[in-house]
Amino acid sequence: MVKPVIFAICLGVLLSKALSIPLRSFADIELIGSQKSLFPFLGGSAPYFSFPANYGIPTDIPEGCRLTQVQMIGRHGERYPTRSEAKDIFEVWYKISNYTGKYEGSLSFLNNGYEFFIPDESLLEMETTLQNSIDVLNPYTGEMNAKRHAREFLAKYGKLMENCTNFPIFTTNSKRIYDTAQYFAEALGDGFNISLQTLSENSSSGANTLAAKSSCPNWNSNANNDILMSYSRDYLENISDRLNDENKGLNLSRKDAAALFSWCAFELNAKGYSNICDIFSAAELIHYSYETDLTSFYQNGPGYKLIKSIGANLFNATVKLIRQSAHLDQKVWLSFTHDTDILNYLTTAGLIDDTRNLTTNHVPFRDHSYHRSWYIPQGARVYTEKFQCSNDSYVRYVVNDAVVPIESCSSGPGFSCEEGTFYEYAKDRLRGVSFYEDCDVSKVSKEKELTFYWDWNTTRYNASLVNQ
């Protein structure tokens, strides 16, 4: 962790040494929107895209069925890099911008007035918007993603909101997440009286949080380092060697090569396209994508046993809302949080294959069961639908515009799961796991339950925003 003061000094030096950067210039229009095929290879840092494996299942509510509840758990929209991500990007930018020779090969575009995509450190951690984008034509801002999502949500689920126009939207107190929730609320229109319930990510929140990992002292990002370190990173060496051979004296390292992938992804968020992305070969993108899958799988997914307990906190609450749907006036439940919290939730819900681990020996293709970017691109959204068909009710999940059936329970209409069978399934998923006990939450909080869905109208949640 870089201390804030040291980071600010280093960042100031790097920016002062870099080329002058005019904000909001017009780009080559032909380039904007031309790199969508790269999004799945950038580990969830690039702009939103729909879940590729849609199985051909229509997302419409099955004919003859009536929707009775929908829950949405969403990620913040497209953003600038975090401070830790930016540190690595600025280090490689410093080397490149201070290179005194003519750029050759893959970096030759830098000879043509290239503009760096982070003009000011105040943008770090922030959502990309129409105001702060480096290019005024950028179609991938987090702001517009959230607003577009809201209009699509209203078109599909608006009938459930007609009789309950006063409702909350739940968000963590991360500013970019709060901003996403606010943009979403604004785009729903003025026909609703919406209150943003802002929940602290501080560990003292215990179980009453949308960011359970922050309240889990036992979570350890290094728990599976021995596994992760065994994956070959020769592809990074190949990138740095190639760029150094083309530009003698540049002296990029393997770490710099890794940072170029982040540069590529976040520049897409801020600019709508990225020349840096064109540096990589198809094979290098595949290797990088798989490495991000590995890291995520063994840190925040099925490859780390504790994750099922962390995700149980939110999954248990969502199941409870489904059970109570007939007795609750509110039929639409909207929540916004971080990517890792969504991955934890999906892991516990069983929507991610946990029957086999990912190998570090090679990139598997036929048996590649976990794609981080597919589940949590910027602006990711997971819907839980409950609908009634004749006298029976059913539950199913929609992840990033695609129905993702429960593998062991999908015989209902639209490949849904019959309600009673779903509760048995959920009980089995939660058997033997306890967020509070497995995480030793008592070390940081006395809050043993997630209550905000039920007490928001009597307990006002208004945690101060933090830029993280």
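Placement of Cβ uses the backbone N, Cα and C atoms for every residue, glycine included.
As recorded in Swiss-Prot, the features of this protein are as follows:
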ACT_SITE  HIS76  active site, nucleophile
ACT_SITE  ASP339  active site, proton donor
CARBOHYD  ASN98  N-linked glycosylation site
CARBOHYD  ASN163  N-linked glycosylation site
CARBOHYD  ASN193  N-linked glycosylation site
CARBOHYD  ASN202  N-linked glycosylation site
CARBOHYD  ASN238  N-linked glycosylation site
CARBOHYD  ASN251  N-linked glycosylation site
CARBOHYD  ASN316  N-linked glycosylation site
CARBOHYD  ASN357  N-linked glycosylation site
CARBOHYD  ASN391  N-linked glycosylation site
CARBOHYD  ASN457  N-linked glycosylation site
CARBOHYD  ASN462  N-linked glycosylation site
SIGNAL    1-20  signal peptide
Pairwise CA distance, ASN98 (N-linked glycosylation site) versus the residue listed as 'active site, nucleophile', rounded so that it is a whole Å: 34
Top Cα neighbour of ASN193 (N-linked glycosylation site) in the set of recorded positions HIS76, ASN238, ASN391, ASN462: ASN462
Alpha-carbon distance [HIS76 (active site, nucleophile); ASP339 (active site, proton donor)] in Å: 8
Among HIS76, ASN163, ASN251, ASN316, ASN457, which are recorded as recorded positions, the nearest neighbour of ASN357 (N-linked glycosylation site) by Cα: ASN316
ASN457 (N-linked glycosylation site) versus ASN163 (N-linked glycosylation site) - Cα distance in angstrom: 18
Nearest of the recorded positions (HIS76, ASN238, ASN316) to ASN202 (N-linked glycosylation site), judged by Cα-Cα distance: HIS76
Cβ-based isolation winner (fewest other Cβ atoms within 10 Å) among the glycosylation sites ASN193, ASN238: ASN193
Spatially closest candidate among ASN238, ASN251, ASN391, ASN457, ASN462, the listed glycosylation sites, to ASN316 (N-linked glycosylation site) (Cα to Cα): ASN457
Nearest of the glycosylation sites (ASN238, ASN391, ASN457, ASN462) to ASN251 (N-linked glycosylation site) - Cα to Cα: ASN238
Residue among glycosylation sites ASN316, ASN391, ASN457, ASN462 with least C-beta crowding, 10 angstrom cut-off: ASN391
Residue with minimal Cβ packing [other Cβ atoms within 10 Å] among the recorded positions HIS76, ASN163, ASN202, ASN357: ASN163
